[in-house]
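The structure appears below as structure tokens.
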Amino acid sequence: MDYLPVFLNIKQRDCLVVGGGEIAVRKIRLLLRAHARIHVVSPAISEELSNLLLQSPVITHTAESFRPDHLQDRALAIAATNDHEVNRAVSAAARKAGIPVNVVDNPDLCTFIMPSILDRSPIIVAVSSGGTSPILARLLRSRLEALIPSAYGRLAEYAARFRDKVRQRFIHQENRRFFWERMLQGPFAEMVFAGRDQAAQDYLSEALENSTDQFPTGEVYLVGAGPGDPDLLTFRAMRLMQQADVVIYDRLVSPAILDMVRQDATRIYVGKVRNQHTLPQTSINELLVKLAQEGKHVLRLKGGDPFIFGRGGEEIETLSQHHIPFQVVPGITAASGVASYAGIPLTHRDHAQSCVFVTGHLKDNTIQLDWPALARPNQTIVVYMGLLGVTELCRQLIAHGLQATTPAAIVQQGTTPNQRVLTGTLETLPDIIQQNPLKPPTLIIVGNVVKLHQKLAWFNSTSEPMGTSSGPGYP
């Protein structure tokens, strides 16, 4: 470790910034956030810095070239000029005076360096590459942004407010640690994140009253995992995935996403392959209730969005009947995510003014849909779970008025490295699929917007425009 990470209290302390340009302004704004008094030394300053001087009474400016006596009584110094000799002089003088000094973009002249900062005050996270690659440090910070929501600052304020009460309630440090670990990772934290301040305060007070390891009923997180690409997960989904005790998942959750769940969480697979459910839906509902009543934090992870053909509504109805706390986290539904990765806009001014989502499950070799409504012109049809019923689907759409030459596409495992796009028409698509076996999950898109696929496809996947021997896939 080349540097010792420390946090320096410079509130109401005098700090020197040498320089008057854009780089100096960035450092000054950072010092302002730490409530420092700032003394700027520079023969000339930028318009932006001039405006900052007018806005902030804690900034003063001396229109001179740097001299060592400018360092007198300063807590730290920052050299932010584009003149190497000036920067070297500031560094040498500060070192001689025993004052911490930072020279922007020159670690060799620094006695301290400025990290990339994630500010969730009073929580502060600093990331540093030791001056070797500031860009890499910023990239790492951006990853942390996804894992540490802004509400963590409020959570820290709550912890500070109750710290003395917790210390009085729990004599032994180990018990205090256990208490705070449960509070800061459980329902209390989620209440704070959701802005339910009174409920959070009541929950914490009740936990203190009980002062045992027995906590109230658990909670269920109904989370949409999106169409497959882990990068499409929401911040909230990622956070809840890391604090679950148990995860209940099905086939539509990709392995890459499942790998992001807390490693020591118990995993329960509930199937959801057509006609081969490992557990029927009623049993899944009952399992969620049972686990939550045991005090567990249960992650119900569903592909896509839990409220779009995901039966999420049925599950939370059962939870509500049993007074089980729950949260619902939306996910990017397959229609939106897969179409985007396939380069097929679902609406387009020249091609489609409406879009409809339907499920293509076969029942007794038929699909029960409002066919006249689906066969309207200037409309995009997105069919979930339609692979086995594609022949019936295309036949009915043609029978109810759509042209046989209407463009159609089927996308295999969209948004993942295994994505594959086949395009054709209502007339040709069943034969195309017959000749090119696909692996579920798949999504079917019907409408003139499919014509745009070849032009707009951007994701690195297999794309195969196809038709029959009599002609191209579509006009």
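Each Cβ is built from the backbone N, Cα and C atoms, and glycine gets one as well.
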Note: Swiss-Prot has P227, G303, G304, D305, I308, T333, A334, G414 binding S-adenosyl-L-methionine, and from M191, M260, M385 that site also includes M385
Spatial neighbour of E22 (NAD(+) binding site) that is closest, considering only the recorded positions S129, P227, D250, A334 and their CA atoms | S129
Neighbour tally for P43 (NAD(+) binding site), based on other Cβ positions within 10 Å of its Cβ = 10
Out of I23, A44, S129, D250, point to the one nearest A334 (S-adenosyl-L-methionine binding site) in space (Cα versus Cα); all of them are recorded positions in the record.
-> D250
Select one residue from I23, A44, A334: among these binding-site residues, choose the one with the most other Cβ atoms within 10 Å of its Cβ.
-> A334
Output field, S-adenosyl-L-methionine shell: CB within 8 Å of site CB centroid, site P227, G303, G304, D305, I308, T333, A334, M385, G414 dropped = G226, L252, F309, G310, G331, I332, A335, G337, V338, Y384, P441, L443
Highest CB neighbour count within 10 A among the binding-site residues P227, G304, G414?
-> P227
